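Asks: Encoded as structure tokens, here's the structure I'll be asking about.
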Amino acid sequence: MKVTVVGAGAVGASCAEYIAIKDFASEVVLLDIKEGFAEGKAMDLMQTASLNGFDTKITGVTSDYSKTAGSDICVITSGIPRKPGMTREELIGINAGIVKEVSSSLVKHSPDTIIIVVSNPMDTMAYLVHKTSGLSKNRIIGMGGALDSARFKYRLAEALGAPISDVDGMVIGGHSDTGMVPLTRLATRNSVPVSKFISEERLNQVKEDTKVGGATLTKLLGTSAWYAPGAAVSALVQAIACDQKKMFPCSVMLDGQYGLKDICIGAPVILGRNGVEEIVEIELNDAEKAHIQESAAGVRKTNDLLEL
Ligand SMILES: NC(=O)c1ccc[n+]([C@@H]2O[C@H](COP(=O)([O-])OP(=O)(O)OC[C@H]3O[C@@H](n4cnc5c(N)ncnc54)[C@H](O)[C@@H]3O)[C@@H](O)[C@H]2O)c1
Ligand SMILES: O=C(O)C[C@H](O)C(=O)O
């Protein structure tokens with residue numbers, strides 16, 4: 001199993017590290033445009049192998065896509081992150097060009113690959129890859145919902161005073177400060193609806209804290225987060241590589257599901273060796289349906305800025 005990660009920055013390196021530590025891939029290639037940077041990150045990570053007990057071989061390359069040839073899965077993290085006070089959508093001007101060029105170089109060397117798009121604004125970047133790469137739609141996956149759901153569970157556990165392992169919940173919709181739809185109605189503590197334990201007001205606070213999860217960290221760190229994003233990407237990579245048939249909310253091209261067409265937005269999907277193996281349609285109430293439509297309108301507004 002060969003995995004390429006483009007962008008050896010904060011998220012790319014974190015993602016490579018988690019993939020290696022889980023030890024399911026034979027090879028991880030880190031690629032960056034900055035001379036020597038990916039080589040340095042790869043060497044540093046390889047020097048953790050005997051300490052962390054993995055055999056995955058990590059190599060680093062500067063812009064040499066021939067070394068990515070035959071990758072089963074490619075992750076795109078190249079591009080700029082936001083600074084405090086910015087929205088993800090403001091990154092489109094620089095990141096769209098980078099993502100388009102990177103995805104086309106990847107597909108040239110690995111025509112049957114599965115691409116996981118991480119660069120922001122992620123839903124629009126995933127849409128761009130759909131429109132320009134020629135890959136089939138089950139092979140392009142945007143990572144956002146897995147991270148947002150992990151943050152939702154963190155906030156739920158905090159509100160409930162419960163261990164995170166007791167909590168389940170999912171965030172669908174766009175990966176943006178206003179577009180996320182945390183499904184509080186369906187969140188549970190050991191199968192019991194969380195509304196049994198906390199007030200509606202507290203649950204609304206959990207929802208709002210989840211939606212601004214990325215912005216909160218960006219304010220604290222001065223740049224956006226990387227540990228949870230890296231872990232979320234590695235979980236998707238593992239689900240595909242190991243054919244786990246696990247369900248994650250991912251940004252996928254919809255064709256009528258949730259009343260939406262020709263848009264990439266977060267919806268629950270089953271991930272396996274073929275990438276997106278199924279898009280799961282869950283029953284939403286009227287408020288959730290309205291929130292998804294509103295979220296989609298926001299994503300479409302950003303998609304309209306693309307020069308396709
Ligand atoms: N989808 C998500 O949930 C999620 C989570 C975290 C970050 N992100 C996004 O991921 C992206 C990366 O974030 P980061 O914190 O790792 O940034 P970073 O600046 O630490 O790393 C980005 C790397 O991309 C490289 N790069 C730039 N142009 C390139 C090109 N053409 N080819 C190859 N490499 C190139 C840079 O040299 C840099 O090393 C940002 O757009 C950020 O918003 C998304
Ligand atoms: O918040 C960001 O800009 C990065 C990422 O999308 C995140 O949610 O951490």
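Just so you know, glycine gets a Cβ as well, placed from its N, Cα and C.
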Asks: With GLY7, ALA8, GLY9, ALA10, VAL11, GLY12, ASN95, VAL118, SER119, ASN120 listed by TrEMBL as binding NAD(+), identify the candidate in ASP23, ASP32, ASP72 belonging to that site.
Replies: ASP32
Asks: Compare all C-alpha positions of GLY7, ALA8, GLY9, ALA10, VAL11, GLY12, ASP32, ASN95, VAL118, SER119, ASN120, the record's NAD(+) binders, and send over the largest distance in angstrom.
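Replies: The NAD(+)-binding residues span at most 17 Å between Cα atoms.
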Asks: Could you state the CA-to-CA distance between GLY7 (NAD(+) binding site) and ARG82 (substrate binding site) to the nearest Å?
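Replies: Answer for this pair: 15 Å between alpha carbons.
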Asks: Between VAL118 (NAD(+) binding site) and ARG82 (substrate binding site), what C-alpha distance do you get in Å?
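Replies: On Cα coordinates alone, these residues lie 13 Å apart.
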Asks: For the binding-site residues GLY7, GLY9, ARG82, VAL118, ASN120, ARG151, which residues place their CB under 6 A from an atom of ligand 2?
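Replies: So the answer is ARG82, ASN120.
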Asks: Out of ARG82, ARG88, ARG151, HIS175, the recorded positions in the record, which is closest to ASN120 (NAD(+) binding site) when you go by Cα distance?
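Replies: Sorting the recorded positions by distance from ASN120 (NAD(+) binding site), the top entry is ARG88.
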Asks: Using DSSP reduced to three states, classify ASP32 (NAD(+) binding site) as helix, strand or coil.
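Replies: It is in a strand.
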Asks: Of GLY9, VAL11, ASP32, which binding-site residues are close to ARG88 (substrate binding site), meaning a Cα within 10 Å of its Cα?
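Replies: Candidates kept after distance check: none.
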